[in-house]
Amino acid sequence: MAMAFVGTKSLFHVSSHRSNPPAFSFQISHFSYNVALLRSTSLALNRKRQSYSPIRACGLPDKKDDGGRINEPASVSGSENRVSWLETLSTFANNNFLPLALVTGVAVGIANPSLGCLADRYYLSKFSTFGIFVISGLTLRTSEISASVEAWPVAVYGLVSILLLTPYFSRLILQIHLHPQEFVTGLAIFSCMPTTLSSGVALTQLAGGNSALALAMTVISNMLGILAIPFSISKFIAAGVGIAVPTKELLRSLVLILLIPLIFGKILRESFKGVADFVDGNRKLFPRISAILLSLVPWMQVSRSRSLLLMVKPEIFLAAIGMGTFLHIALLAFNALGIRTLAAFSGGNKSVFSKRRNVSAVLLVASQKTLPVMVAVVEQLRGALGESGLLVLPCIAAHIIQIIIDSFLVNFWSTSDGSSNNVK
């Protein structure tokens, strides 16, 4: 026992004699620090795994069906259905903001006309119209118009059709007799208007058409249309109903209310790059503001004419809607025939009138009519051709219908192009 102890003591003595005691103690402490670090890391990982453990809805365990799939609780699937419905409604509202705004304005005017009459008394319609065309000038991008120079014969036909030929349809419309006759007169005025400010260009882009050509026809026809509208109304409509329209006063009013705000907005856009960048960066915001301003005008007009509107029979209003539908289909057929005829006389398949992109642009733009200009014209007429609300109401329906019909037409073109590509 003593020998063993002595051996052990000598062993420790030799060991301590061969090693450096401070270094040995440093190694022991470093080793114990690593052990403590590993323990703390292990505890942290265990806590993290516990924190990511799945939470069961309603405290119920997952149940599996015969195929081994987990059945979610009814509350989870119900909330997902509600979210999907909300997303669907939001998408529908975003895609159809203008029609919904117009319909809402008409409905509010019929339901509670007192506020609309008060707004009309303080000339809110003039301010809203001014704002609409300032926004139109701000959003007009003319940098691509030079790209349409190649297709200038198509642009000339489109302008002639919009400003000179399609107003003749107003005489055919005036041959129809309804009560109230303002429904017919309003659609006749609508046929004398220039093309839409945004819908034609947007649908041309969706159809893969020549958007630069569509933009050129839109800008030029609305500029010239403000000058041509008084003469068209005086020649085709006022003479047809036996009423004299003050052409010079109407022209002056349209220049002040429509042309000057449009030019003012365009000058702002071209003069300040920051304004153009801000407008281009908010391409969805400004059309919605314009749609809200536009919906204020029929709201006030319908509020003012509510007593007369309630006297109209539903079948009469449906007949006016049918007339608006027929008008747009007739304009599409007329322009399609005109394009086909010009293509046959100017080179056949090699003609600029035979190019698919040019055809879709001119057919869509030349067959649509703008509602904001029509509303502004009716405001300036001050009841010379009938009650404002009765004149505007069928045109709101016609405006919505033309967008719906052209959307189906664009979808048909897209489907046909896709099927032909698949065949190739």
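Note: Cβ is positioned from N, Cα and C throughout, glycine not excepted.
As recorded in TrEMBL:
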type     : residues : note
TRANSMEM : 97-115   : transmembrane segment
TRANSMEM : 152-174  : transmembrane segment
TRANSMEM : 186-207  : transmembrane segment
TRANSMEM : 213-238  : transmembrane segment
TRANSMEM : 250-268  : transmembrane segment
TRANSMEM : 316-339  : transmembrane segment
TRANSMEM : 359-378  : transmembrane segment
TRANSMEM : 390-414  : transmembrane segment
Open item on the list: Let me check one thing: do the transmembrane segment (186-207) and the transmembrane segment (390-414) come into contact, meaning three or more Cβ pairs under 8 Å with sequence separation of at least 6?
Closed with: yes
Task: Residues of the parent chain within Cβ reach of the transmembrane segment (152-174), under 8 Å, 6 or more residues beyond its termini - done: 184-185, 187-189, 191-192, 194-195, 213, 216-217, 220-221, 224-225, 228, 232, 236-237, 240-241, 323, 327, 330-331, 334-335, 338-339, 342, 346, 352-353, 358, 361-362, 365-366, 369
Open item on the list: Please report, as numbers and ranges, the same-chain residues at least 6 past the borders of the transmembrane segment (359-378) whose CB is under 8 Å from any CB of it.
Closed with: 102, 129, 132-133, 136, 154-155, 157-158, 161-162, 166, 186, 189-191, 193-197, 199-201, 203-204, 207-211, 213-214, 217-218, 222, 225-226, 229, 233, 250, 254, 257-258, 290, 294, 297-298, 301, 328, 331-332, 334-336, 339, 353, 385, 388, 391-392, 395-396, 398-399, 402-403, 406, 409-410, 413
Open item on the list: I'm a bit unsure how to read this: which one of 97-115, 213-238, 250-268, 390-414 has the highest number of Cβ pairs shorter than 8 Å with the transmembrane segment (316-339)?
Closed with: 390-414
Task: Two-stretch contact, the transmembrane segment (213-238) and the transmembrane segment (97-115), at least three Cβ pairs under 8 Å - done: no
